[in-house]
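The block underneath contains the structure these notes are about, expressed in structure tokens.
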């Protein structure tokens, strides 16, 4: 057995199964396509589910992949053990109704013993208790010693998840050390002790489990295998930890160098090194697949991993941002297998650095607040942080709840997770309701997936806007029906259609369906997961029946407006590359009849000059009346021709290339104008940020662009009338008016400051003493924040040793300020804690340092009550 690098093992596996007639497919994105049950791809077979279920036809009946995967279920163990990680690669070979046990078992043995040259006396095989077929194949079709085959029960060697396809499995195991194992009991014990490790699982999907728990044989059984690449590498490299594998150790070594720490000398520091090593691998691949940090979904997983790694960097004493530097080692070691890593290297680094900077801005403030919470709990003798406070850390300071847990765990404090969940649910309620409203399919999707896969629709919409078609399926609610009557709403599938179904960022067509004594409104057109084109209809007159021949007509004016926006999006994409930079890539888009929206990767807002030049270049190309050509070709031919493809998109072997002269060439299935002149006019209406490193441009074309300009002109004319000036003088006139207003406001504020200063003597008459600390407090009216702070500052200087707490009410709100001398702070006074509690009485919040704090409130009528509470709060703080 020779030492093999991780990359070498991957290539050996894929080459081996290509030699057995398998199609080598590139890893799918970590972002699941059309699978709401998964947040991230977590297994090699996960993206292939539609092929196993028959919803989609696989490109070949034999497939082999190396799939990148993310699992965060055991994240708390990452770093603490030698084998836990959130990112891993899963090698697999799959059969969709092609070969079965007779082929896969000998192939597996051949690869392990001949390609990898693993000694046979180091190997063991387990099979399902009753799987005599597998036993016979192992003993008759391979040269394994039968005494090395053990039969195990359902919990170990039978794969099933509820109802549906399932079956027995056979696993191959490697013994690191020790004498030959002679019994099942000894095998199980040595497996539990990690002396024996499983590295390849062969799943024989041969049954379909029904609702009565009957196991019915499948007519076409499948094969699904999985070999963890990192685990296999530990075997081939003779190491005991995934963190010692060549490509992963390179990442760990880089972190060690940055931290100036030697791995293996300190247990706690080793944990941090392993956490960062694993997490930086995960985030590098996640960002390369288009995931961006956010506070929900997979973006939250990314943010959590980044911030957890960043915090462990702080524990190692690393100053400043560093994760973005480490990712280059991940890329260097993996880019040959995953080309997108090298292509997106600068983008990945920028996103990581931006998130590190954001976390650095919030972590210190968040930890300060968390420490205050901890102090409060300790003072009260409590050991559980309330859920609402944990949620505030999450919502306000960007602290993942898991990070709060980790920090508190170090202090032996728990979290009220129920309370946190309650707060989270309250925040998500409206968003959840909105998502439910947009769930256009619901349970109908299940019904449609049961239709024969060959029941497909021919799309004729590139050249036709009206066709005669036959209705081949009708869905109403959750049922397949024969007829829809007047007033009914439902879904129909036809044998051919001119209607474009929503995909690729382009909205679906609308229009009408007509027949004898029937009128139907087609409200939308979409695809389901199996590729069926669904027409969402409302019957206005008459009825439609299965097998009826009808006429379908697309709304021409709406389609024309959509085409203009889609073609303009292609021009915009290329213009951004030329004006802003070649690094620009599409991160998302949407076009309908009203406007276009284009998301792209960039790290700052565009300047006015850049926006002007981009808009000018797009309009220049419109005026050149560039012909638009489409051509269907092989995917590799398309890429070689320079056609732009989305980096996280999976394409069929045949693709459609849309070209606007020599200016733009993209893979696109959408509808377009015949020449750029048809777009008419393009106008950018906004440029904003939508996520870290992602910008969004919205624009309009044609008559919508003209309407936008007319509205702007009308607004300009209205301003000129109000300011009583001409168009050319409007800026000077507005500037002088603003300056005049500022001067008046300054005069008013000066008068208020004088008024506030005149109140000093009245306030000082109410001076009190609390446990040796002078206390000055009071409520004022209509004093702005600046004047209130100035007054508090002067009062503090006058009393020389003590605390000042003031409130000002006006315009339906209240402002608080507190200032304390050094002597008062030394005795226990804390402005931040005092002001926080005082503001809460008035329906507000805030905080600050021990010597100075400020806050706001919504209930000015509570001002006197809040200020009256200061004495008690101060008394409780001073010991």
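Every residue, even glycine, has its Cβ placed from backbone N, Cα and C.
Marked as Zn(2+) binding site by Swiss-Prot: 566, 570, 668, 672. Long-range C-beta contacts of residue 570 (Zn(2+) binding site), restricted to its own chain and to partners at least six residues apart, with a cutoff below 8 Å, comprise 658, 660, 664, 666, 668, 672.
Counted within 10 Å of its Cβ, the other Cβ atoms near residue 566 (Zn(2+) binding site) come to 25, all protein chains included. Under DSSP, residue 566 (Zn(2+) binding site) is assigned to a helix (H, G or I) in the three-state scheme. Take the CB of residue 668 (Zn(2+) binding site) and look out to 10 A: across all protein chains shown you find 25 other CB atoms. The record gives 566, 570, 668, 672 for Zn(2+). Within 8 Å of the mean position of their Cβ atoms, the other Cβ atoms in that chain belong to 563, 567, 569, 628, 658, 666, 670, 671. Using a 10 Å Cβ-Cβ cutoff, residue 672 (Zn(2+) binding site) registers 25 neighbours.
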